[in-house]
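First up is the structure itself, then whatever we jot down about it.
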Amino acid sequence: MSMIVSSIGQGLLWAILGIALFLTFRILNFPDMTVEGSFPLGASTAVAMIAHGVNPFIATLAAFFIGTIAGLITGLLYTKGKIPILLAGILVMTASLSINLRIMGSANISLLDQRSIFSIKILQHLPKYFDSVFLGFTVITIITVGLIFFLQTELGQAFIATGDNPIMAQSIGIQTDRMTIMGLMLSNGLIAFGGAIIAQNNGYADINMGIGIIVIALASIIIGEVVFGELTLNERLVAVIIGSILYRLVLLAVLKLGFSTNDVNLISAIVLAIAMILPQLRHAFQLDKMIKKGITPHD
Amino acid sequence: MTNSVFSLKNVVVTVGDGVQILKSVNFDIYDGDFITVLGTNGAGKSTLFNTIAGNLSISSGEILHNGHNIAHETAVKRTNYIARVFQDPKMGTAPRMTVAENLLLAEKRGSKRTLHGRGLTQKKLTEYATLTKVMGNNLDSRLNTATGDLSGGQRQALSFLMATRVKPELLLLDEHTAALDPKTSEQLMQATNEQVTKHKLTALMITHNLADALKYGNRLIIMNAGNIVLDVRDEEKKALDENTILRYFVS
């Protein structure tokens, strides 16, 4: 039972990444590799600041800020430098490996007995693992509600249109470059913010913690889509959160089968691949019809 | 005659290998002109449009808007006063957004997009229902449909409404009926004419349909090999027939 609670907590915390990646992967319609750099960037920034005695909340906000800078650089390379988005992301991701080492001064820093955002009083009264559920739920709710409001503003609609049809967007006066840069900044800011929170939850920041992040974030998006199918935009954001929790539960089940935590990246990739292939299999074998047939009584 | 709203002075456009695709074009657009543009493929019609809209930069010359040179303004900046309907129905609308959402987006052409709510109220929907009804193709009953699920004709009608939602100083119609079947095409052409006349829009319309070019508008130009080879208006335009026009195509 406690394992399940822990998985739900992890799912809620990691959902920040899923939501953040949704902004670029689904709304702007491109894969942004920067996230593998901005995630550890946020983690190392926050942990290093906390280790130097900075208030954990300020450190976590600072992580968001530095993530937006990573997004800004990718955005400038892509829109002004005309570097393909995949390469622009990889460049910033690679560069941030060195930046992270500079920030931390070593390959990893432990928080040991330092205060973190998980040290606040209210969380101390909760049973084990419920602290991440509570904090994760609060944070992801604030982010999601904020995004829902933002996407319904004039600016948010211009942002969506940019990803949907850039030519049309430009023809009605939308500065698509600016929208793209804004999306990358917001997305990577949130990823770094997530990195800061997850590092505090783990109790350490590590230089390698960004590896495979994009697959985990994508998995929550795709699982949510496969499970729920056609949804409105707002519902899709919620589906990402549920997808993130489901992913953690799948992971838990697989680990229970005897795989080790070293296999996590392999399992993540397989889970994502299966989730992405599933819609086509469903179509090819008409699984929907078969399932429907199976659950409707014969007349 | 009143002053020209847009004016091209000795405009030359050169592509990569030094070929001039517009050769010193001089062209004035007056307020209220509805100009049909004819010419074979490669004559420079699309180049002319892209040059005016700012998608192509010019090698020399001036593009004046109310007497002010806009040759160095970006395409996005020029959308403050120029609107465009493309030939490809897929290009003019955002496919995952609904008809109403697309119209809302177009309503902000020329003004700043802020963090204000987008304002998709019931009142707006009623207003859009009236607006779309004039196109006579059921668009009014599909306001909450994603535009990707509309027919080509409906999408083009929507693109047209979007382009004219905020009255542009110049409307560029780039063969906007060419991708449609003959009946739908004619219907959209008539709706276009009604709207352009009713709202006194200044418009340039590329077409390959000679009958349409003769029937609509108060002015007609023919392009050939990067030049404007014929520019007639009013009575002179009315006197034209298809055979006369075709002669300008071969020269």
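Placement of Cβ uses the backbone N, Cα and C atoms for every residue, glycine included.
Features reported for this protein in TrEMBL:
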TRANSMEM  A:12-30  transmembrane segment
TRANSMEM  A:57-78  transmembrane segment
TRANSMEM  A:85-109  transmembrane segment
TRANSMEM  A:129-151  transmembrane segment
TRANSMEM  A:181-201  transmembrane segment
TRANSMEM  A:207-228  transmembrane segment
TRANSMEM  A:237-259  transmembrane segment
TRANSMEM  A:265-285  transmembrane segment
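A:265-285 is the stretch from A:57-78, A:85-109, A:265-285 with the greatest number of Cβ pairs below 8 Å to the transmembrane segment (A:207-228). Beyond the ends of the transmembrane segment (A:237-259), by six or more residues, the same chain brings 3-4, 7-8, 10-12, 14-15, 17-19, 22, 140, 144, 147-148, 216, 219-225, 227-228, 231, 267-268, 271 to within a C-beta distance below 8 angstroms of the stretch.
Between the transmembrane segment (A:12-30) and the stretches A:57-78, A:85-109, A:129-151, A:181-201, A:265-285, the greatest number of Cβ pairs separated by less than 8 Å involves A:181-201. The transmembrane segment (A:181-201) makes no contact with the transmembrane segment (A:85-109): fewer than 3 of their CB pairs lie within 8 A, with pairs spaced 6 or more apart in sequence.
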